[in-house]
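Engineer: Supplied in structure tokens, the structure appears directly below.
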Amino acid sequence: MEFARRVVKALEVPHTQEEGASGRMQFVSSDDLLPVPLEQRTWTAFSYVAFWGSTAINIQALGEDIQLTACSIWYGVQTSIGGTCVLVMLRAIWPSVNDIPNSMPLSSGTNTRDFMCFIIFWIISLPFIWPPVHTIRHFFTFKTIITPIACVIFMIWCIVKAKGVGPIIHQPGTLHGSELAWNMISGAGICISSLITLTTNSPDFGSRAKYPSAPTYSQLLSIPFSYGAICLLGVIVSSSSQTLYGEAIWSPVDLLGKFLDDDPSPAARFGVWFIAASFIVAQIGANISANSNIRRGGYISAIVGLVMCPWNLMSSSNRFTSYISGYSVFLSSIAGVMAADYYFVRKGHYNVADLYVTRKGSWYWYNYGFNPRAYAAYIAGIIINVTGFTGDTGTPVPTAATHIFDLSFFTGFGVSAIAYYVLNRIFPPPGAADKFEEIDVSGYEERMTSSDEDTNSKDDNIEKESSSAV
């Protein structure tokens, strides 16, 4: 029992110890939930460019051209992909790794070799969950440097090896009219669905901005450029593979494996090793950015990602695409509620102090900490897409439901936002405003800034007194 108590104590989240803080406030606040201290707001505009530039580069973006990363379950999916990178990297060093005998049953969905590589990547990823968000920006800067170099080398290598960019680039379109339009909409929806995790948890990184404008234009420009460039690179690489092997290989890891099957020279093996190692860095960054921003939550995601056997989810591209689309159904509704509350209900007004107050009448207490309006709006945003989601899993549904599901992000976001706004007009919450103004009505930020200045002033005075005494 004593050991169990020690484990629980070690896992316990330390609560605020601010002077005069009530027991209730200590219960609802911790370092992860309190406003970010000024000294930890270190992300500049370049930090956000590096973040999005590095996030765009991952195996899914290269392989699926229009799919990126997104959840605890998604942590396991990305780890599974990272395991395939480990396999290729190890094969480049020790080719015999590919021939490790299998001792796992068919029902496991994997084999000894692949599971070993999965575990290696899983273990490699664990230390990267530990650093706080305000310091992890250095990793994204490193990733932004190393992974684009690897991707460009990979693309040039494929073009040279195939003596051109391949036939896919020059193939005429096979879809026309409304069929083409809905396929484009569906593809864009999958792309947005994959980004929804980063959309809903963007405050984890936005709150680290050194100045208010740091995340604005940097993200507005870097997101479309980064994802557009990596998608184009993926198409060119896959097109080259069709010339080389008679079929388009959309997974860059599978293509690297094909290079190793061709009895490569030592230089070619080193090239494969370098590219695979860079892809490992890319996958670790994908997991950090999308899935593990708070230390304890990150390690919980890692454990869930291990026990849910993600390789089974990756066994079919249709199953994988359905999962991404379904994921958007649930998170787009959350995003709709968040946006409606900030822009249309409270109109930019917020109350930082009340975030840590558990008393009736405070802005965010609602009904014993639950906001029925938000839950009702969230469910409404899900319901509109349920029929289409059922059809995406193979069940026949009306065409209209399929088209609605193709727009699942927009329909989920829009319906939940409208429902939330209407419910708040009928049942106005504390803090509802008539005029838009971005302001903390509690003055918490001003007090924190003033306290920081007072602390610096005291430190300066002490330093001056010490110098005078000397």
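Including glycine, each Cβ sits where the backbone N, Cα and C put it.
Not my notes, these are from TrEMBL:
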type: TRANSMEM; residues: 73-94; note: transmembrane segment
type: TRANSMEM; residues: 115-133; note: transmembrane segment
type: TRANSMEM; residues: 139-160; note: transmembrane segment
type: TRANSMEM; residues: 180-198; note: transmembrane segment
type: TRANSMEM; residues: 270-290; note: transmembrane segment
type: TRANSMEM; residues: 297-314; note: transmembrane segment
type: TRANSMEM; residues: 320-344; note: transmembrane segment
type: TRANSMEM; residues: 365-384; note: transmembrane segment
type: TRANSMEM; residues: 404-423; note: transmembrane segment
type: REGION; residues: 444-470; note: region 'Disordered'
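Show me how these features fit into the structure around them.
Structural biologist: For the transmembrane segment (139-160), the list of distant contacts is 46-47, 49-51, 53-55, 57, 62, 128, 131, 230, 233, 236-237, 240-241, 244, 252, 255-256, 271, 274-275, 278-279, 281-282, 285, 288-289: same-chain residues at least six beyond its ends, Cβ to Cβ under 8 Å.
Beyond its flanks by at least six residues, the transmembrane segment (270-290) meets 51, 54-55, 57-60, 69-71, 74-75, 78-79, 81-82, 85-86, 88-89, 91-93, 121, 124-125, 128-129, 136, 139-140, 142-143, 146-147, 149-151, 153-154, 157, 197-198, 201, 205, 252-253, 256, 259-260, 264 of its own chain at Cβ-Cβ distances under 8 Å.
Using a Cβ-Cβ cut-off under 8 Å and counting only residues 6 or more beyond its ends in the same chain, the transmembrane segment (297-314) has close neighbours at 72-81, 108-110, 114, 118, 122, 125-126, 129, 291, 320, 323.
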Engineer: May I ask which of the stretches 115-133, 180-198, 365-384 has the most CB pairs under 8 A with the transmembrane segment (73-94)?
Structural biologist: 115-133
Engineer: What parts of the chain pack near the transmembrane segment (365-384), using Cβ distances under 8 Å and only residues at least 6 beyond its ends?
Structural biologist: 329-330, 332-334, 336-337, 340-341, 354, 357-359, 404, 411-417, 419-420, 423-424, 427, 429
